[in-house]
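*Asks:* This is the structure I have questions about; it appears just below.
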Amino acid sequence: MIETLLEVRNLSKTFRYRTGWFRRQTVEAVKPLSFTLREGQTLAIIGENGSGKSTLAKMLAGMIEPTSGELLIDDHPLHFGDYSFRSQRIRMIFQDPSTSLNPRQRISQILDFPLRLNTDLEPEQRRKQIIETMRMVGLLPDHVSYYPHMLAPGQKQRLGLARALILRPKVIIADEALASLDMSMRSQLINLMLELQEKQGISYIYVTQHIGMMKHISDQVLVMHQGEVVERGSTADVLASPLHELTKRLIAGHFGEALTADAWRKDR
């Protein structure tokens, strides 16, 4: 039996803004929610703009502090600020590599920084791990001397994936990571991610608005609307028998209708 890798218990986030001298506005970006993720599983979080899905992703990655709730990985609690422990287990790929990669650093420096910060590896060991990771994502050893602007868009996203993989995490969170790529490059990256998952047992949390991409990459899905989960289940079940009006609308907008089990398998 595959045990739970990541467990989320009643996680929530409320933002408070000052709107005047004596007034504050409260926005409940993510209402209390819970879910689990198993090793080698892909969970898609889908919803419209402002649904809270990116805020949830940033809480999972440790980028923003939850208002309430618990996070556990391998039954070990995660706390806000435990960057070294968390970054060796949960990593993130961002939507736009052009803004998330330091343009003044060579690829070797970009990939070496997490290793220097979070491991005790010697320089030669770090160099070997950098080269190995680059090969894993389809980049050449010669690319170590390149700057990000010297790479094509697909190569930049491969570099973003390499940076996520460099510490050999158990979970990778991808926040609209492939949205800016054309269909050909997107398909290549999806196949690469699935290949790495099969070989290394990586679990993915994929945040997206693209229900077609969700269909091809995920096992389970959470549908979010205005900060709460309005539908959840296996990807096949949700696509074949959606219950919430938002889910039905998203499916109809992409496929034209809900997919039957036979049609889902055939199209997949």
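Here the Cβ of each residue, glycine as well, is placed from N, Cα and C on the backbone.
Annotations for this protein, taken from Swiss-Prot, read as follows:
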- 6-251: domain 'ABC transporter' (DOMAIN)
- G47, E48, N49, G50, S51, G52, K53, S54: ATP binding site (BINDING)
*Asks:* So around the ATP site, G47, E48, N49, G50, S51, G52, K53, S54 aside, which residues have their CB within 8 A of the centroid of those CB atoms?
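*Replies:* After dropping the recorded site residues, what remains is Q209, M224, H225.
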*Asks:* Got a sec? Which of these binding-site residues, N49, S51, S54, has the most Cβ atoms within 10 Å?
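*Replies:* When each Cβ's neighbours within 10 Å are tallied, S51 leads.
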*Asks:* I want to check the contact list for G47 (ATP binding site): same chain, sequence separation of six or more, C-beta distance under 8 angstroms. What comes out?
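*Replies:* Residues satisfying the criterion: K53, Q209, V223, M224, H225, L246.
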*Asks:* With H, G and I counted as helix, E and B as strand and the rest as coil, say where DSSP puts S54 (ATP binding site).
*Replies:* helix
*Asks:* For E48 (ATP binding site), what is the secondary structure state per DSSP, taken as helix, strand or coil?
*Replies:* coil
*Asks:* How many other Cβ atoms sit within 10 Å of the Cβ of G50 (ATP binding site)?
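*Replies:* A count of 13.
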*Asks:* Average pLDDT across the domain 'ABC transporter' (6-251)?
*Replies:* 93
*Asks:* List, in sequence order, the same-chain residues at least six positions removed whose CB sits under 8 Å from that of E48 (ATP binding site)?
*Replies:* Q209, H225, L246
*Asks:* If you count Cβ atoms within 10 Å of the Cβ of K53 (ATP binding site), leaving out that atom itself, what do you get?
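*Replies:* By my count, 27.
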